[in-house]
Amino acid sequence: MQSFNTIGLIGRLASASTQYSLKRLIAFLTDQKLEVLLDKETSTILPDCDLPVATRPELAQACDLIIVVGGDGSLLSAARAFAGHDVQILGINRGRLGFLTDISPEDIENKVGEVLSGRYLLEQRFLLESTLLRDDEVMSTGLALNDVVIHPGKLIRMIEFELYIDDEFVYRQRSDGLIISSPTGSTAYALSGGGPIMHPNLDAVVLVPLYPHTLSSRPIVVGGNSEIRLIVCENNNLNPLVTCDGQSQTMTQPGDTVFITKSEKRLKLIHPEGHNFYETCRSKLGWASHTGN
């Protein structure tokens, strides 16, 4: 396993618990005589810290390990910044569910120490890439580790769009939107929308309709290399939004085309040794664990 020499730290902002965990982590890493860099935004919640400060592009170039202290949202933001770079990501959970940030705050020294000694599992997660075209001109692009969603925004009104997969017409739909999710995102918003749980190793994408105005529209699982194309219908009375991971969004206009494909970029995600996807599902989703009669 790769050894780590330069470690970047990113923390969830406006969180006292994150501050506490970051201070513990910094003390532990400096005791190990490792070079530690602090994310520029994160430095605002640690004003007394004397670590070198770096922007995320600078962290991507200088570090071989990024440790994110926060929730899944913090890790999603880091994923888009560091995917495609030769840097690995480790998460410490200071959020709510913590599907991606799977080290407990109580185990920081123990579990991070195991990772530093080479005892960890490495996964390569693919991201989705969205491209918005208007009159054959690229208006915006976006990356998502979890999902790309087309939706009406703040207004409680249905939108209408056409769906094509690999240039084949699938349907024209009126609904509250559509979730296009990676396997990583299948335990997030897509799950709430009634989509299936997909193992992270699957090379697949799931499309989950949001409250479709039909009784027969169900989630569709397609191959990971599929090209998904959405056409915003002309008769929409609003401007649907396209959102990546619930964190970045762009506004569409009637007649726009949105392409969603698998990105060439990969996220190198680290888990502690012994990590088990199904155990994570049991603990995070409240599945029964009793196997006796």
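Each residue, glycine too, has its Cβ placed from N, Cα and C.
According to Swiss-Prot, the protein carries these features:
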- Asp72, Gly73, Asn146, Asp147, Arg157, Arg174, Asp176, Thr187, Ala188, Tyr189, Ala190, Leu191, Ser192, Gln247: NAD(+) binding site (BINDING)
- Asp72: active site, proton acceptor (ACT_SITE)
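This view paints the features noted in Swiss-Prot onto the structure.
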residue: Asp72; record: NAD(+) binding site; contacts (Cβ under 8 Å, 6+ apart): Gly91, Gly95, Leu97, Gly98, Phe99, Leu100, Thr101, Ala188
residue: Asn146; record: NAD(+) binding site; contacts (Cβ under 8 Å, 6+ apart): Leu76, Ser181, Ser182, Thr184, Gly185, Ala188, Tyr189, Asp245, Gly246
residue: Arg157; record: NAD(+) binding site; contacts (Cβ under 8 Å, 6+ apart): Asn237, Leu238
residue: Asp176; record: NAD(+) binding site; contacts (Cβ under 8 Å, 6+ apart): His151, Pro152, Met158, Ile159, Leu210, Tyr211
residue: Ala190; record: NAD(+) binding site; contacts (Cβ under 8 Å, 6+ apart): Asp147, Ile179, Ser181, Val206, Val208, Pro219
residue: Ser192; record: NAD(+) binding site; contacts (Cβ under 8 Å, 6+ apart): none
Of all C-alpha pairs drawn from the NAD(+)-binding set Asp72, Gly73, Asn146, Asp147, Arg157, Arg174, Asp176, Thr187, Ala188, Tyr189, Ala190, Leu191, Ser192, Gln247, the farthest apart lie at a distance in Å of 31
